[in-house]
Ligand SMILES: Cc1cc2nc3c(=O)[nH]c(=O)nc-3n(C[C@H](O)[C@H](O)[C@H](O)COP(=O)(O)OP(=O)(O)OC[C@H]3O[C@@H](n4cnc5c(N)ncnc54)[C@H](O)[C@@H]3O)c2cc1C
Ligand SMILES: CC(=O)[C@@H](O)[C@H](O)COP(=O)(O)O
């Protein structure tokens, strides 16, 4: 690929392709990398252009949708002219029947025209008996999204867009605030500007809170009656269902909305729900021939707004998270993003959709030793300094980076973010591990967590918690690296590698861990693998280039202490890299025990976060780690079978 002029778009759904065509028409050189995956939202959608029927509240999203609906006729004309294809654009209006009469207040504030029980049946015969009236939205409509996709593909081909199907982008390479290239399953590609338009999968490339929201769909065939139009001519938008009649007699019935992650496929329950709701709305549907079932993933975001515009690097642009309205939003997205790339013009319409809205300002690091209101730390121990001059030369070195503290902590399970901040400060740890997957999806208890610490003061150790396979862990590790960069740690290549298929004991998969470690080391990561206390595995991981090994004391969160002492001792004896005892530590004495055994560091999460007083426990763990290390460096006395008096027998008074 020509490194001097290319715009590289990642994702070939309606958003990526619409941007590609727009840019190409403005004279740019464009490459689209598109993985082959059939269940894209753009192919699954119903194609409604429905800002009003969706009842979007007044605000930036409604403004954006209205602008796009306004752009639609011209956009369609352009694509039709380019390709000669019919795109099924039909500004047919949308009828939204209801089963309960709305209050006068609701009626006065709705964008639609209210139709009573009789009037609505003049617009559409055959409605279910439960329908008591409804709204008429004359400016909404529909398009055949599959035909749009076909037209975009054809237009792109004719215009000379370099569409590379079957190319999966794995990671972005960044240097000094710029994306320098992308790594794909078919090698490295370079460009000048990179646009992420990978829908629900955007969070696999960057740490963005985009999640899949599964929608199941079904299509039936409206019966043909000679010389009569099909029974449905306009979209019916009912309660949790819609019927979208195409001009060729196909009736699209949608859609479920399921927060089930990447769970695939149609299910009997999903289809049953669709049929039930559709037949309540329009009973005749029950007798029509089924043509197809399908499903897809809507790219959802926490605030249900798309993510548009520059992000992190000045040559990186996002166009994702279009959730329920991406078909509608394609023309406006393409136009605004093309303006941004070609003219460097950021339209004010884009402002509310910037990706950094999910990053709260990094809060100032909690002042060390400041007692938290509810968890006072006794004054008597506040004078303790974990980086005591007594052993200030004693540094923990991991992948060339030096740390004074030998305690690593986690961020999960705390009662609140302030208590987590306070605990991290009280522990005086310098390495804090963060679960990339949970932070990136804003999982409960992890909202705003990554931004809550001052990463200028503590070193982030992104971890791959939640990954069951090597492949997942590699992907999440790459995301973690991006996350660290975006949070200001440009040179952070650390990853705590966890490959854990077992949910009961959370024991790591040794083979998967080794496989993932090999890949990640080759990609330049400093890999800190979480392992069972297996000396042979520890040596194998060292041999492939891991930065540490992290044997478990006992299962994560169990607080059972160090049950694997004998094996950890062998690991320590044999290792030429730091050994970090991770997981299961329940008390400060156990932290100290690990350090006295000669471990280079300990990682403790649950015992601190779940203590009655996490801040105080964090302090205790910090002190215990120091105490254990000092004891190890001092050299303990040998264990004897019999007592040896403390004072000599010679010269004693008889
Ligand atoms: C059931 C359902 C009904 C819907 N109905 C409507 C509707 O009526 N009206 C409306 O406006 N919107 C509707 N939507 C929403 C709309 O479909 C989406 O918002 C829109 O299609 C998003 O387009 P996209 O291009 O961002 O994502 P997608 O269409 O999902 O495309 C993303 C593309 O990126 C590719 N990709 C992902 N990761 C990578 C990678 N690492 N490397 C290379 N390529 C990658 C994927 O393979 C895919 O081709 C519906 C969605 C669903 C699921
Ligand atoms: C946060 C983290 O990395 C944990 O998975 C780790 O293994 C610590 O275990 P405990 O919670 O038992 O301290």
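A Cβ is built for glycine as well, from the same backbone N, Cα and C atoms used for every other residue.
Annotated domain 'FAD dependent oxidoreductase' per TrEMBL: 6-340, in sequence order.
Residues or ranges marked as domain 'Thiazole synthase ThiG' in TrEMBL: 398-648.
In the three-state DSSP reading, residue 496 (active site, schiff-base intermediate with DXP) counts as strand. Around the Cβ of residue 496 (active site, schiff-base intermediate with DXP), 27 further Cβ atoms fall within 10 Å across all displayed protein chains. The active site, schiff-base intermediate with DXP feature in TrEMBL is assigned to 496.
What TrEMBL lists as 1-deoxy-D-xylulose 5-phosphate binding site is 557, 583, 584, 605, 606. Reduced to three states, the DSSP call for residue 583 (1-deoxy-D-xylulose 5-phosphate binding site) is coil. Taking all protein chains in view, 27 other C-beta atoms sit within 10 angstroms of the C-beta of residue 583 (1-deoxy-D-xylulose 5-phosphate binding site).
Remark: residue 557 (1-deoxy-D-xylulose 5-phosphate binding site) has 413, 506, 583, 584, 605, 606 as non-local neighbours, by Cβ distance under 8 Å and separation of at least 6 in sequence.
Compute the center of the Cβ atoms of 557, 583, 584, 605, 606, which mark the site for 1-deoxy-D-xylulose 5-phosphate; besides them, the chain residues with Cβ within 8 Å of that center are 555, 556, 558, 559, 585, 604, 607. Ranked by how many other Cβ atoms sit within 10 Å of their Cβ, the binding-site residues 605, 606 place 606 at the bottom. When the record's 1-deoxy-D-xylulose 5-phosphate-binding residues 557, 583, 584, 605, 606 are compared pairwise by CA position, the greatest distance found is 9 Å.
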